[in-house]
Amino acid sequence: MSMRGRHLDANSMYKRGTREHGFDALDKEQGPERLLNGMGKDVGVPSWKHSLRHVLVATLSSFLYGYHLGVVNETLESISRDLGFHGNTMAEGLVVSTCLGGAFVGSLFSGLIADGVGRRRALQLCALPMIIGASMSAAAKSLWAMLLGRLFVGTGMGIGPAVAALYVTEVSPAYVRGTHGSFTQIATGLGLMGSLFIGFPAKAIEGWWRICFWASVAPAAILALFMEFSVESPHWLFKRGRAADAEAEFEKLLGGPYVKSAMAELSKSDRGDEADTFKFSELLYGHHRKVVFIGSTLFALQQLSGINAVFYFSSTVFETAGVPSESANMCVGIANLLGSFVAMILMDRLGRKVLLIGSFSGMVVAMFLQITSATSLVSRGSGVYLSVGGMLLFVLTFAIGAGPVPSILLSEMFPGRVRANAVSVCMAFHWIVNFFVGLFFLRLLEQIGPLVLNSIFGAFCLLAVLFIKKNVLETKGKSLQEIEIALLPSE
């Protein structure tokens, strides 16, 4: 796959457009992506290869996020028997969901950590609670020890993905920023599938579940080690008043010919003397509140679509069709991974907004199939297979847009001065909605049934399409500074 594309005009990599024209003026410009150095010489666009290895290291945090979400899927029964709470659905639910509480806390502080010690150190720090928590879970002799370990792991899960989204956004050239951002979703999918693979023997081999937790220590340690040799975000360095260090990192990421124009562009918005003036009240009452509203709503609609219900209960639907749970989980995992690869290919070609609208529209169709399968319009046998097909389509279309795009889009839309803290607030909102959906799903399923519940999920997906059409701006191929200018409020 060519990573160059045609999304960057003559100066769009590092050019500050006028506020009156915004994105429209940029979209009208044609021609190949070229850039001029300080002497007027045409030097083309920076290679995506320089930043890719740093991006891949950062996505290990997303791999760990996916792994720890799925590690209890196949092992929960063995864990409950060994630790003496088998049959206690509340305790089993706590083992699954305690991570969400830790993730909420971690996401709240992720912005402060990322701005305080830098993106690189923050990713190293997120690995620490994952190592400690996974070790505690693996060695647990009681339910409370397991829950404490899951809480530690969740804290790292809350910090990692938010900081990784920031890091990838700030170190990637504009014309491949979406493609690089898609690697986080692919890594999450690989983590989910990895946890399923390693968990298969858990029901047959006594104590195997402990191996599953120990196994996650290795990638967390690799993340902490390899980030030591990765670049720091030039945006963060410049905001801290370290312009010389920012230039050095730009040279590693883009190459020498692009450093001068990159720094000139950066200096127009991310001013170091503004770094300490940020207040959280700006996100709620200031001129950033609209973007916070858009981001929080996107994450809420992502969770209210019912995606977690599909992940949690896919095995039951497949078993009704006579498919073993192992095969069911693998089918869902493959659909999720396939959709993530499609998103990687299309993110910088079609754009974020198009993928979001297409993704949620596909989820509406998939949920309609689920609803139809629960009616008397089809036979019981046909209904089961229609439900299975709808479920796989739902996961596939989710992974194409609704899954990866919100975190990428939010990291792009906020200006550098508030980016880390603003993303952390939106991610915290994501974890809150995630928690309540998980908490009330089974009760709602009992009270109103799958037909009405799936109709509600489908309605939220349709609402998402309408909301995105009205509120979301396209950021494809635009520099972070161009996006900031386009989103500035009118005087």
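Numbering starts at 1 and runs along the chain as displayed.
Cβ coordinates are placed from backbone N, Cα and C, and glycine is handled just like the others.
Source: prediction; values computed, not measured.
Sequence annotations record features per position, and here TrEMBL assigns domain 'Major facilitator superfamily (MFS) profile' to 54-476.
Long-range contacts of the transmembrane segment (55-73) within the same chain: residues 79, 95-96, 99, 123, 126-127, 130, 134, 153-154, 156-157, 160-161, 163-164, 167-168, 171-172, 180, 183-196, 199, 212-213, 216, 219-220, 222-223, 226-227, 230, 329, each at least 6 residues beyond the stretch ends and with a Cβ under 8 Å from a Cβ of the stretch. According to TrEMBL, the transmembrane segment annotation covers 55-73 (among others).
Long-range Cβ contacts of the transmembrane segment (93-113) within its own chain (Cβ-Cβ under 8 Å, at least 6 residues beyond either end) map to 68-69, 72, 76, 79-80, 122, 125-126, 129, 133, 143, 146-147, 150-160, 162-163, 420-425, 427-428, 430-432, 434-435, 438-439. Residues or ranges marked as transmembrane segment in TrEMBL: 93-113 (among others).
Positions annotated as transmembrane segment by TrEMBL: 151-169 (among others). With a cut-off of 8 Å between Cβ atoms, the residues of this chain six or more beyond the transmembrane segment (151-169) that come close are 54-55, 58-59, 61-62, 64-65, 68-69, 98-111, 113-114, 119-120, 122-123, 125-130, 132-134, 136-137, 177, 180-181, 183-184, 188, 220, 233, 407-408, 410-412, 419-420, 423-424, 427-428, 431, 480.
Residues or ranges marked as transmembrane segment in TrEMBL: 181-202 (among others).
Taken from TrEMBL, the feature transmembrane segment applies to 208-231 (among others). Tertiary neighbourhood of the transmembrane segment (208-231): same-chain residues 53-54, 57-58, 60-61, 63-64, 67-68, 71, 75, 78-79, 82, 120-121, 123-124, 126-128, 130-131, 134-135, 137-139, 149, 156, 171, 195, 198-199, 201-202, 249, 252-253, selected by CB-CB distance under 8 Å and a gap of 6+ residues from either end.
If you look up TrEMBL, you'll see 291-315 (among others) marked as transmembrane segment.
Non-local neighbours of the transmembrane segment (354-372) in the same chain are 298, 301, 305-306, 343, 346-347, 378, 383, 386-387, 389-391, 393-394, 396-398, 400-403, 405-406, 409, 450-451, 454-455, 457-458, 461-462, 464-465, 468-469, 472, 474; each lies 6+ residues outside the stretch with a CB under 8 Å from one of its CB atoms. TrEMBL lists 354-372 (among others) with the feature transmembrane segment.
Positions annotated as transmembrane segment by TrEMBL: 384-410 (among others). Long-range contacts of the transmembrane segment (384-410) within the same chain, counting only residues at least 6 positions beyond its ends with a Cβ under 8 Å from a Cβ of the stretch, are 161-162, 165, 168-169, 177-178, 181-182, 184-185, 188-189, 291, 295, 298-299, 302, 305-307, 310-311, 314, 317-318, 320-321, 323, 331-332, 335-340, 342-343, 346-347, 352, 355-363, 365-370, 372-374, 378, 422-423, 426-427, 464, 472, 475.
The transmembrane segment annotation in TrEMBL covers 422-442 (among others).
Look at TrEMBL and you will find 448-468 (among others) tagged as transmembrane segment. Within its own chain, the transmembrane segment (448-468) is flanked in space by residues 297-298, 301-302, 304-306, 309, 353, 356-357, 360-361, 363-364, 367-368, 370-371, 374-375, 402, 441, which lie at least six positions past its ends and keep a Cβ under 8 Å from the stretch.
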Six or more residues beyond either end and a Cβ under 8 Å away: which residues meet both conditions relative to the transmembrane segment (181-202)?
55-56, 58-60, 62-71, 73-75, 77-78, 161, 164-165, 168-169, 172, 208-209, 211-212, 215, 326, 329-330, 333-334, 336-337, 340-341, 343-344, 347, 399, 403-404, 407-408, 411
